[in-house]
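Here's what TrEMBL has on this protein:
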BINDING   B:14, B:33, B:41, B:46, B:86, B:121, B:289, B:330  FAD binding site
DOMAIN    B:5-294  domain 'FAD/NAD(P)-binding'
């Protein structure tokens, strides 16, 4: 079976945009993709491990993708985070699926 | 001066299990942690979340794991310096180390084990331009002594458990408590949310939502906060107060340990994983999530293994040249420093007639 990868554009905290390829068959989320490509230093992203409990993986969604609806815990965490904008999401809550092809995001500043 | 055999920096699961393994070798431990309670991330970030990869526990809540580890090491009487951050380390002529905390508490030990996880937890400060100039002048990010709020007017900001719990607690202490949150919904234990609702109805907590503190007003001390509220129409107003307490959680920072002369890679301390998890400074070890080596996995169970091997190396440093034979706890039992003894019950030998 042909393995399906998606292309994603991620702008890191220094403003550098990376065009990366992410697998859809690894049950990965966006935070984990950022970590696996080391686009943010260890210890500054994914601190809680992906429980929507720390907001260290906050990102701004720049493209018009239809993303999975926000769950209560993500919404609550974002309501306590800093630098939050209307297009803020937690990377750990966005699963990499074929629908994410062409996704463009920017990492929010560290806080 | 607090003296011990192994000084452990970080009272998370790895640090707590070190106490047990050291105790089997008759080594005494003392732990320093920046948080006011033991457990590290397990207590601070996700106490109510389950963990599924602790051997022999198909499922255990992070908070319960902390309780179990404390119970397991209890008879080895660990000492604790909690709510203080390890700041400096000085090597002494006799080879021991003196570690001093941010509050000046000194600890001396021949072996230092850094089990610091992702670092010490520091409060997350809201993005208010002039907030730094009001620190310790009415702005506190952590409540250390609730008595200072007696008969004062207090504004708390935040939407999590600590904001809710402290609002409830201070409503009995302070003259006036105002709780400000960006949303109408709070995330916390149901009973805390209900209690705040009840206190709000009684007029004991002044709830301002959805709103945000934009600025602080005062001459050399907090006199009021500027609040922007966006219910129906956007409006900005001042709330007079003596204290402003933003409670937006904590985030870990490697902090002063980064300046101890240890070899650091990717925010973690490099260790010798082929042997004993020692750092580039002999006598200083790094175990658990804080260390790195080829193939490192940041898992609690890996921290337990690293702690166990580290204790053997510590034993050799503290008892040079002494012969040691590994004993199974089932065979040897456990002799606590508190005089207790645990041992396997003797087999019953009785004839069947």
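Glycine too: its Cβ is placed from the backbone N, Cα and C atoms.
Because TrEMBL annotations are produced automatically, they should be read as predictions rather than curated entries.
Because the structure is a prediction, the values reported are computed rather than measured.
On the 0 to 100 pLDDT scale, the domain 'FAD/NAD(P)-binding' (B:5-294) averages 94 in the predicted structure. The binding-site residues examined here are B:46, B:121; by Cβ neighbour count within 10 Å, the least packed of them is B:46. With a threshold of 8 Å between Cβ atoms, the binding-site residues B:46, B:289, B:330 that neighbour chain A are B:46. Long-range Cβ contacts of residue B:289 (FAD binding site) within its own chain (separation 6+, distance under 8 Å): B:12, B:14, B:117, B:118, B:268, B:298, B:303. Of all residue pairs in B:14, B:33, B:41, B:46, B:86, B:121, B:289, B:330, the annotated binders of FAD, the farthest apart have Cα atoms separated by 38 Å.
A count of other CB atoms within 10 A of each Cβ picks out B:41 as the most crowded of the binding-site residues B:41, B:330. Non-local neighbourhood of residue B:86 (FAD binding site): B:9, B:32, B:99, B:100, B:101, B:120, B:256, B:257, each in the same chain, at least six residues away, with C-beta under 8 Å from its C-beta.
Residue B:14 (FAD binding site) is surrounded by 30 other CB atoms, counting those within 10 A of its CB over all protein chains shown.
Counting every protein chain shown, the Cβ of residue B:33 (FAD binding site) has 29 other Cβ atoms within 10 Å. The DSSP secondary structure for residue B:86 (FAD binding site) is strand.
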